[in-house]
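Participant: Structure below; questions to follow.
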Amino acid sequence: MSAMTPREIVHELNKHIVGQEEAKRAVAIALRNRWRRMQLDSSLRDEITPKNILMIGPTGVGKTEIARRLAKLADAPFLKVEATKFTEVGYVGRDVESIIRDLADMAVKMLREQEMKRHEHRALDAAEDRILDALLPPPRDFNEDSQRTNADSSTRQLFRKKLREGELDDKEIEIDLRSSGAGVEIMAPPGMEEMTSQLQSMFSNLSSDKRKTRKMKVADAMKRVKDEEAAKLVNEEEIKQKAIQAVEQNGIVFIDEIDKVAKRSENTSSDVSREGVQRDLLPLIEGSTVSTKYGSIRTDHILFIASGAFHLSKPSDLIPELQGRLPIRVELQALTPDDFKRILTEPDASLVQQYEALMGTEGVKLTFADDAIARIAEVAYKVNETTENIGARRLHTVLERLLESLSYDAGDQVTDTFEVTADYVDEKLGELSEDEDLSRYIL
């Protein structure tokens, strides 16, 4: 679990997301409260439930990006799902309990990787010995003492040095490896993914103990053998127990597109698939027990963050019980021309840096003048205002259109340097941005 302070979390989010300070503060506080709760006595800890968050804002302003970046910072089981993927229990499709099952799978995978990394040095030593045994097999008539002498011989040490320096990477060896199984693929009806995964697990376990001699290069064999040796050092039962605890105490679920399952105000009929999903989410968010292949998981202390654009519906169109379980409301603001300018240049791996790097692979040094950045931002903002507002995603469309001819000609190395100026932006995009009919279809 991450022990970062709210200020540190916001600072990390600022590297990738422009503006939306209120939303960043809300998720930073929620993440820090997870850590604070774990410092308390167990009696008080059980009484403190997470304050779930509802993020409201137009598309393309950073709701999903906040979730993506938060997943990397959390150092806890984190799952992002779309509310539209689920259907009411009893109907064809995935039921909401599969969210917790997927979260448990994520936790097991995360903890297994951490454990394998912890045992990396021991696994590497064991892998080196197996590779050296394949390179320098001991004579058959050697007894145990002779083998021990051979292990410490100068020849073996010389080969070990060469192996570590990569001089033997291209040499082919024959080595005994665990069989990867037949790769049984089972197609199941929607809503029966749990049964499918259990059947696949059963078939893979049947062949997991079989071993097969393979011929491969030392570099490839080292990776396979190292993973095999690390897996031997990992206690799977302990990982499963830790995973259940991690999900129950620190799990975070981000539910995107929650507005798509809200019943619209003008539609008075009871829509089964929409309202049913909301009602199924209630016990999950409030606290219930879900059965998974690792054991039962209680959802009382899992943090839920929901988000939606709410273009065609309002937060009040969600059923009242669900509204009550999302007590913290955060409104994300629509982007301004200044925000667009900052998005183009400020974040790590910004759009401008990406295009400069892509053109650099063709030997073209691409630069953007300050007035060009401002003009691109104005065009994106104007098109958003006159057509559909798709937020920062409009910049991708505008930049692709702007640099289309340069991208096409760059392979022929027409020029070594190219500066995008405001005049060039006007030449390529001026007519399109002015003509609403054209921009509606092209930008």
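Including glycine, each Cβ sits where the backbone N, Cα and C put it.
Feature list, courtesy of Swiss-Prot:
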- VAL18, GLY60, VAL61, GLY62, LYS63, THR64, GLU65, ASP256, GLU321, ARG393: ATP binding site (BINDING)
- 136-158: region 'Disordered' (REGION)
- 148-157: compositional bias 'Polar residues' (COMPBIAS)
Participant: Does VAL18 (ATP binding site) have same-chain partners at least 6 apart in sequence with Cβ under 8 Å from its own Cβ, and which are they?
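Facilitator: GLY62, ASP339, ARG342, ILE343, GLU346, PRO347 - these are the non-local Cβ neighbours of VAL18 (ATP binding site), listed in sequence order.
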Participant: Name the residues of the same chain, 6+ apart in sequence, whose Cβ is under 8 Å from the Cβ of LYS63 (ATP binding site)?
Facilitator: ALA23, MET55, GLY57, ASP256, SER307, LEU332
Participant: Once the chains shown are all counted, how many other Cβ atoms turn up within 10 Å of the Cβ of GLU65 (ATP binding site)?
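Facilitator: 17, counting other Cβ atoms within 10 Å of GLU65 (ATP binding site).
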Participant: Grab the ATP binding residues from the record (VAL18, GLY60, VAL61, GLY62, LYS63, THR64, GLU65, ASP256, GLU321, ARG393) and give me their largest CA-CA distance in Å.
Facilitator: 34
Participant: Using Cβ-Cβ distances, find the residues under 8 Å from GLU321 (ATP binding site) that belong to the same chain and are at least 6 apart in sequence, listing them in sequence order.
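Facilitator: Those within reach of GLU321 (ATP binding site), by Cβ under 8 Å and sequence separation of 6 or more, are ARG279, LEU282.
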Participant: Let me know the DSSP-derived helix, strand or coil state of LYS63 (ATP binding site), please.
Facilitator: helix
Participant: Given a separation of at least six residues and a C-beta threshold under 8 Å, show me what packs close to VAL61 (ATP binding site) in the same chain.
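Facilitator: Counting only residues 6 or more apart in sequence, the Cβ neighbours of VAL61 (ATP binding site) under 8 Å are GLY19, GLN20, LEU332, GLN333, ALA334, LEU335, GLY391, ALA392.
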Participant: Under a three-state reading of DSSP, tell me whether GLU321 (ATP binding site) is helix, strand or coil.
Facilitator: helix
